[in-house]
């Protein structure tokens, strides 16, 4: 699986992953809205929006 693994507004980067899914996490703090992307489908804390998907580059 090829997943995006950049954060928020940094230039897009991808990673070849062993997992079959990609994720995109979104949350807000004093810096504003933070977006994190990566491989797999992690558990998240309350208040964090999580989107998991199972195709290449699906987590942009």
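Quick reminder: no glycine exception, Cβ is built from N, Cα and C everywhere.
Taken from Swiss-Prot, the feature disulfide bond applies to 3-22 (among others). In three-state terms derived from DSSP, residue 22 (disulfide bond) belongs to an extended strand segment. Around residue 22 (disulfide bond), the same-chain residues six or more apart in sequence whose CB sits under 8 Å from its CB are 1, 3, 4, 37, 38, 39, 40, 52, 53, 54, 57, 58, 59, listed in sequence order.
If you look up Swiss-Prot, you'll see 17-39 (among others) marked as disulfide bond. Long-range C-beta contacts of residue 17 (disulfide bond), restricted to its own chain and to partners at least six residues apart, with a cutoff below 8 Å, comprise 1, 2, 3, 39, 40.
According to Swiss-Prot, the disulfide bond annotation covers 41-52 (among others). In sequence order, 19, 21, 23, 50, 52 constitute the residues six or more apart from residue 41 (disulfide bond) in its chain with CB-CB distances below 8 Å.
Per Swiss-Prot, the feature disulfide bond maps to 53-58 (among others); the stated evidence is similarity to another entry. DSSP assigns residue 53 (disulfide bond) to a strand.
A 10 Å cutoff on Cβ-Cβ distances gives residue 53 (disulfide bond) a total of 16 other Cβ atoms nearby, all chains included.
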